[in-house]
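Record features (TrEMBL):
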type	residues	note
DOMAIN	46-225	domain 'Major facilitator superfamily (MFS) profile'
TRANSMEM	6-25	transmembrane segment
TRANSMEM	80-100	transmembrane segment
TRANSMEM	112-129	transmembrane segment
TRANSMEM	135-159	transmembrane segment
TRANSMEM	171-192	transmembrane segment
TRANSMEM	198-220	transmembrane segment
């Protein structure tokens with residue numbers, strides 16, 4: 001039994017040495033991100049418009065979470081029960097937009113859908129900001145929510161194809177930088193509201209819609225090159 005165990009130990013040792021030698025002979029392949037083509041723009045110049053587009057999309061949701069109910073209560077004198085519908089209406093419209101987003105993108109293209117989304121954000125938030133009644137303000141929030149639905153998914157899809165960045169890097173960078181929108185939106189709206197009033201402060205999401213509609217071409221088409 002001792003001899004048998006010794007033999008098997010020797011066989012295992014020899015096999016281990018042979019396996020180590022074989023592994024050492026195999027070439028080491030390093031994974032490197034695909035280099036950008038000659039004459040192409042730096043990756044950050046392609047990623048920056050996508051970050052801006054995504055921030056425009058998240059800004060609308062942030063407005064709904066932090067300011068929509070307050071706006072409905074103070075500016076349209078809606079009852080608390082009705083004012084609370086502002087978040088539900090906007091997020092619900094955004095949910096419907098996400099459900100239809102793939103179908104709309106397949107039919108009209110990501111760039112056209114994103115541009116239309118920016119227009120809807122500007123129109124919707126402009127309608128809410130100037131509306132004297134709760135019903136019209138809710139309709140405006142619904143338009144803005146629907147318009148914002150495809151902006152962030154479109155930005156992420158394009159970020160994953162930015163030349164010069166390895167797979168997943170563009171998405172990760174966009175995800176982190178997009179959070180700047182959450183950090184800056186509420187303080188900006190609050191400061192402008194204190195200086196004027198909340199109706200005037202809603203010019204910020206109106207501007208975000210205009211920026212999104214304008215940047216859709218720059219952000220999405222260039223990222224494909």
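Just so you know, glycine gets a Cβ as well, placed from its N, Cα and C.
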Closest-packing stretch to the transmembrane segment (80-100), where packing means Cβ pairs under 8 Å, from 112-129, 135-159, 171-192, 198-220: 135-159
Tertiary contacts of the transmembrane segment (171-192) (same chain, 6+ residues out, Cβ under 8 Å): 47, 50-51, 54-56, 58-59, 62-63, 66-67, 152, 155-156, 159-160, 165, 198, 200-204
